[in-house]
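Now, the feature entries from Swiss-Prot:
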- 1-21: signal peptide (SIGNAL)
- C50-C278: disulfide bond (DISULFID)
- D98, Y101, H267: substrate binding site (BINDING)
- N100: N-linked glycosylation site (CARBOHYD)
- C112-C115: disulfide bond (DISULFID)
- S154: active site, nucleophile (ACT_SITE)
- C247-C254: disulfide bond (DISULFID)
Amino acid sequence: MKQFSAKYAIAVVVTAGHALAASTQGISEDLYSRLVEMATISQAAYADLCNIPSTIIKGEKIYNSQTDINGWILRDDSSKEIITVFRGTGSDTNLQLDTNYTLTPFDTLPQCNSCEVHGGYYIGWISVQDQVESLVQQQVSQFPDYALTVTGHSLGASLAALTAAQLSATYDNIRLYTFGEPRSNQAFASYMNDAFQASSPDTTQYFRVTHANDGIPNLPPADEGYAHGVVEYWSVDPYSAQNTFVCTGDEVQCCEAQGGQGVNNAHTTYFGMTSGHCTW
């Protein structure tokens, strides 16, 4: 699988014309460490949360046998946050959800006007919605001054986005971190931009991370009505804070411009961590 180096990435951005002004190279070490931490949790979700940071307390499991959606409620007292994480695709049942591209109204959140989302992931969401909302509320009741964080990779990233959107109707202290997230429709993307102040990297509470030529952020196809939000954090190899690009504006300037298709090496590995391998 072809690797995209920082040198190559700079060439892509410079030759993209209008994309140059909307892309900057390098993020702070603090933000980079935070992205790596959330990627660690998201990748560990494929293997029963192996090797997660020692400060994190593993709480209740989220699970539905019909959709095989898996997730956990975690807590980190050192950072005073309640973390919800979803596993990505891990079974044939999940694959059936992945391939249901039909745009479906996001009916569980009426405030999201005209929002439509990936049909399979919506089925996954409604199968665990009651569990998620109940478990989060239990934690908030016990720790009312804790912030809420939601994260996931691939299918788990889409579930994380739907969860964060739903919780935004009740709570206002949410941060969302996704890795290799597929698209929803433009109305949903706009809602997320507004709800999470994601029109600018200076204000965003929604960190959509991509890697090299990961093919999953290209799906479902834009010509079928799917879209991403404004801000993207694009990691290229060798991964580092300096080799992370902040991309705004036209979504086809960074990861999506690399022509990746479907599940490839760049999708399964983020910041050197491969889904479920737990070798970090």
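In case you wondered, yes, glycine gets a Cβ from its N, Cα and C as well.
Keep in mind it's a predicted model, so treat the numbers as computed, not measured.
Sequence features, as recorded in Swiss-Prot, placed on the structure.
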| residue | record | Cβ contacts under 8 Å, 6 or more apart |
| --- | --- | --- |
| C50 | disulfide bond | A44, G276, C278 |
| D98 | substrate binding site | T89, G120, L155 |
| N100 | N-linked glycosylation site | H118, G119, G120, I123 |
| Y101 | substrate binding site | H118, G119, G120, P220, E224 |
| C112 | disulfide bond | F106, A165, A187, F188, Y191 |
| C115 | disulfide bond | P105, F106, L109, S184, N185, A187, F188, Y191 |
| S154 | active site, nucleophile | G88, T89, F179, G180, E181, P182, I216, V263, H267, S275 |
Using the residues the record lists for substrate (D98, Y101, H267), what whole-number Å value is the largest Cα to Cα distance?
-> 19
Using the structure shown, find which entry in C254, C278 (the disulfide-bonded residues) has the sparsest Cβ neighbourhood within 10 Å.
-> C278
Give the helix, strand or coil assignment DSSP yields for C247 (disulfide bond).
-> strand
Sort Y101 (substrate binding site) into helix, strand or coil using the DSSP assignment.
-> coil
